[in-house]
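Here is the structure we will look at, set down as structure tokens.
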Amino acid sequence: MALVSAVPLDSRLCLCRTLFGLTHELKAIRRTIPNLGMCRGGKSIAPSMSMSSTTFVSSEDGVPRRIGGHHSNLWDDDSIDSLSTSYEAPSYRERADRLIGEVKDMFHLISVEDGVSTSPLNDLHHRLWMVDSVERLGIDRHFKNETNAALDHVYSYWTEKGIGRGRESGATDLNSTALGLRTLRLHGYMVSSHVLDHFKNEKGQFACSAIQTDGEIRDVLNLFRASLIAFPGEKIMEEAEMFSTMFLKDALQKIPPSGLSQEIEYLLEFGWHTNLPRMETRMYIDVFGEDTTFETPYLIRERLLELAKLEFNIFHSLVKRELQSLSRWWKDYGFPEITFSRHRHVEYYTLAACIANDPKHSAFRLGFAKICHMVTILDDIYDTFGTMEELELLTAAFKRWDPSSIECLPDYMKGVYMAVYDNINETAREAQKIQGWDIVSYARKSWEALFDAHMQEARWISSGYLPTFEEYLENGKVSFGSRLTTLEPMLTLGFPLSPRILQEIDFPSNFNELICAILRLRGDTQCYKADMARGEEASSVSCYMKDHPGITEEDAVNQINALVNNLTKELNWELLRPDSGVPISYKKFYFDIWRVFHYGYKYRDGFSVASIEIKNLVTRTVVETVPL
């Protein structure tokens, strides 16, 4: 359905006037809890949350409580213990290391002016193909220097009309130009999308023959991939995406099932923003080698594919140990007894593994899984199960930052409190080794902001108040929890994050604001109906409808989706703009975590219903190995 025009949502003007410097801050209501040292043990706490249109149960203390009806943990100890460790033998690592050396030699062969593997008629495309291949096969971390040298060479021949296949090609080439535009942008080179104007016909349209050969299809496939790396206001990229999408869908109706058709289907479905690196690697391993439109020597393809398979499988041995550690943590804090909540620690770990499969990033993967799990438990406590008085006690206990505060809490909250308390301190110790400064105070402020935001939403539920869109989104950017799930794991990575860099990528930077806003809006469009059924009236959809009387629910969702699309282009720019002073590699981890959540909301609320797409993701990326 077409977007209504009566109530346009412009991303720069309508995002609550908060993302772009126009402030109207929401003042959170706070109630002071008197002397937490005087706990009122045994007191029956009356429910004060709205019970309309939701399910509730009577707990052991006789208090009716709201529940979400979420399915249980899908991955027990037997599932984890059954994971393969057959590739942890030293011989596999030794073979992988030899292959890494051979691939480095192959990069060297294409770096000489007229080597065995290249010529002045194809050297630019060959370099781009090598860089693209190692990235999609998930082995690029071994070839950073080689990648930089290859792209520097390509960029030195870049023109306002793009490039040809080689430095001495007589004409520009769509495939090479599109692949170059995409790859150079993602690595921080300033390249204009106007190079694509030179591939239009006299009518100003992209045009290809009706025959649709494999070579031509791959040209357009790379055009599609490039079009997704769009910045605000780039009409040519919108045109390229529209044309290439239609072309590729038409091609799928004509070509037989093959690696090419599988690749097209995958990229049309996941694009870039929901395309997780390890997930793409698993697909690309299956189809790599079938592309013969670029005549790369068989030996190069063979070595790249073998290395990719080995690295994919070797990682599985590490996965098993990390998941066993995560499962012990989950049980040690009594999480299995919290039966009313979602338990998605294995799924969160998988998502982390899909964006960070370097063995040295174990702390990142486990930290991300733990924090996401705790944030999810807290979300279910604040949104459904907890009473208002319990929530006030929990919030105040966190702000006191004293383990003795748990004596005032209901039993089901005590383990959660200690898990958060211990996790912050453990992460701080790990981070201090890398960052050289104590992050406890910094992390506590982030957690306190989350608790305040949850309390605000709990009060809205309790009172039946429906806020304005502006009020809701300003609070919702915090209550989603994406800042927390990003911040602490990031601090355990191997690169230093100074206060100056944190200001550029963490709160209150525009980069962080965009991430938080997009995730809140995207999550709401997938969750708002289920949330309303549980008695949670406030969502970006319902609040937008309140602000615009007469608009239909469908049109409100369409307007929000359009806003998300515009904000996503702004996020692309914030990630890749060359004047930020922060290396793209630093921002890329933040961005990839955003992609993780974006993927989770692609089809539904995948964190509440994890038994479909995300279950398949776990199976494909961390359970199954690939045949050598």
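Every residue, even glycine, has its Cβ placed from backbone N, Cα and C.
If you take the C-beta of ASP383 (Mg(2+) 1 binding site) and look for same-chain residues 6 or more apart in sequence within under 8 angstroms, you find GLY68, HIS454, GLU457, ALA458, ILE461, ASP531, ARG534, GLU536. According to Swiss-Prot, the feature Mg(2+) 1 binding site maps to ASP379, ASP383, an assignment based on similarity to another entry.
The Cβ neighbour count for ASP379 (Mg(2+) 1 binding site), using a 10 Å radius and every protein chain shown, is 20. In the three-state DSSP scheme, ASP379 (Mg(2+) 1 binding site) falls into the helix class. For ASP379, ASP383, the entry in Swiss-Prot reads Mg(2+) 2 binding site, with the evidence type similarity to another entry.
The motif 'DDXXD motif' annotation in Swiss-Prot covers 379-383 and rests on a curator's inference. Across the residues of the motif 'DDXXD motif' (379-383), the predicted structure has a mean pLDDT of 93.
Among the features that Swiss-Prot reports, Mg(2+) 3 binding site is placed at ASP531, with the record citing similarity to another entry.
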Cβ neighbours of ASP531 (Mg(2+) 3 binding site) where a neighbour is any other Cβ within 10 Å: 23
